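Asks: Heads up, here are the entries from TrEMBL:
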| type | residues | note |
| --- | --- | --- |
| DOMAIN | 26-495 | domain 'Major facilitator superfamily (MFS) profile' |
| TRANSMEM | 21-39 | transmembrane segment |
| TRANSMEM | 84-104 | transmembrane segment |
| TRANSMEM | 111-129 | transmembrane segment |
| TRANSMEM | 135-157 | transmembrane segment |
| TRANSMEM | 169-191 | transmembrane segment |
| TRANSMEM | 203-222 | transmembrane segment |
| TRANSMEM | 301-321 | transmembrane segment |
| TRANSMEM | 336-357 | transmembrane segment |
| TRANSMEM | 364-386 | transmembrane segment |
| TRANSMEM | 398-424 | transmembrane segment |
| TRANSMEM | 436-459 | transmembrane segment |
| TRANSMEM | 471-491 | transmembrane segment |
Amino acid sequence: MASHNLVATADVNRIEAPVTVKAYLMCAFASFGGIFFGYDSGYISGVMGMPYFIHLYEGFPYLPANPTTAQSNAFTLPDWKKSLITSILSAGTFFGALFAGDLADWFGRRTTIIAGCFIFIVGVILQTASHGLGLLVAGRLIAGFGVGFVSAIIILYMSEIAPKKVRGALVSGYQFCITIGILLASCVDYGTQNKLTTASYRIPIALQMLWALILGTGLFLLPESPRYYVKKGNLEKATHVLTRLRGEPEGSEYIQQELAEIVANHEYEMSVIPQGGYFSTWASCFTGGFSNPSSNIRRTLLGISLQMMQQWTGINFIFYFGTTFFQELKTIKNPFLISLVTTLVNVCSTPISFYIIEKFGRRSILIWGALGMVVCEFIVAIVGVTKGRLVENDPSAVRAQIAFICFYIFFFATTWGPAAWVVIGEIFPLPIRSRGVALSTASNWFWNCIIAVITPYMVGTEKRDANLGSRVFFVWGSLCALCFVYAYLLIPETKGLSLEQVDRMLEETTPRTSAKWVPHSTFAADMGMTDKGTLAPEVVEKPCINP
């Protein structure tokens, strides 16, 4: 790392510069990436339930001019087509997320996200132009690569530029934008569902390009992550972008102190993580022992398993297959409207996480959120099989189910939805952060894909299907019980800490004692970047040179 004059400090309260409102807005804009992620995930549920889409893609010879509810419900895609159309996006996103980790280290976080927007637009154009299954699937696969780039690196980018005191809230804004995207998709689907032309499904598909254009254009105006430049050894650019992000004047002592801490932490991590070629750096994600709570392998497995658990909550069953599931209950007049209601619950609940994630912490809300989801999902399942029969024949029981599904969505939206993304952006050290977040995000999409593949067969009514109906919530409820145990045993508390302080906390605590940990020194002081390498509280200047 090149020599550069930095102002280091041993005061743990001065390792981050004060932040202006302008700087908060710059950080918050990055969360806009959640809108086209959410929209892309949300529109497909409604499109697969549209009579004209089914008529075209399944080849039904007759479509009524004004189909009744019963006639609309009679038109359904076969399970294998539902599975393929839904899951192929997740498959593309899985590989896109893996590739994105390397690109973020080679070309920068911001550049990788912009490239993801471009790839996504290409995929959307192919989907919009499709008249058959082949081109639609190809378009969703390509769009998935773009979503993988964005979903993996936007979390990394936001975590690296956001102030520590509101990092959880700002990253939660990404999940909030996902819910807005899902809501917008539901509204568009609701408005076009009965059009008897290709516009019924082409309008929802084509609108995705707008969100990608807004994000890509906006990111051209935002700075790169300062931690990326520290990793590259370019402290001059790191200082410049940190000045923009914090809204401080050039030469600010606060900026120099924050940069000194980032540099010192990076040098410390580089000294303990084996360095080598391309494959060696990937292998670094899996170094260390399982008994060491701060080892790279423990952090990597934590990120991968946390995203897996988020998918195991079953939330995407509602947002991917909600419309078709409600159609199969056969007592709901307008399944599209019910899907819109569940999406509204998701949107209105998520902002609560902005407060509770900083007030109560990541660990606490993940534990209590899992417990709330367990209760709600088991109630939905039990109501569904009351008196030894399925609930589909009882309208009042269906209404009760929908109510508790909404409560379940509330618990997810305020806890596991945002907190899982926040935690994976905080737990990795800088040398492996981009790849650690990429692996974690890829895990999310891998399990997203698996669930999208198997769910139609779990609730389908064809002879080869399990035909679980409402009983599928016993499965989701049991998995949420695992999420509760997982959060209690393995999730550390990272609230209110800088990314560098999280590293130190993981070295000195266990998940169950992490909430009590208090910062007691800085990396800059410990690496000898203060006068004579002491922990003196006064601030002095000394060149920062690689040891």
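Backbone N, Cα and C define each Cβ position, glycine as well.
Bear in mind that TrEMBL entries carry predicted annotations, made automatically and left uncurated.
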Asks: For the transmembrane segment (111-129), could you work out the same-chain residues 6 or more beyond its ends whose Cβ comes under 8 Å from its Cβ atoms?
Replies: 33, 36, 40, 92, 96, 100, 103-104, 135-136, 138-150, 153-154, 157, 202, 205-206, 208-209, 212-213, 215-216, 219-220, 224
Asks: Between the stretches 21-39, 84-104, 169-191, 301-321, 336-357, which wins on the count of C-beta pairs under 8 angstroms to the transmembrane segment (135-157)?
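Replies: Answer, by Cβ pair count: 84-104.
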Asks: For the transmembrane segment (398-424), which recorded stretch in the set 203-222, 301-321, 364-386, 436-459, 471-491 gives the largest number of Cβ pairs separated by under 8 Å?
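Replies: Out of the listed stretches, 364-386 contacts the transmembrane segment (398-424) most.
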Asks: Which sequence-distant residues neighbour the transmembrane segment (471-491)? Criterion: at least 6 residues beyond either end, Cβ under 8 Å.
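Replies: That would be 302, 305-306, 309, 312-314, 317, 362-363, 366-367, 370-371, 373-374, 377-378, 380-381, 384-385, 390, 416, 423, 455, 458-459, 511-512.
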Asks: Do you know the mean pLDDT across the domain 'Major facilitator superfamily (MFS) profile' (26-495)?
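Replies: For the domain 'Major facilitator superfamily (MFS) profile' (26-495), the model's average pLDDT rounds to 83.
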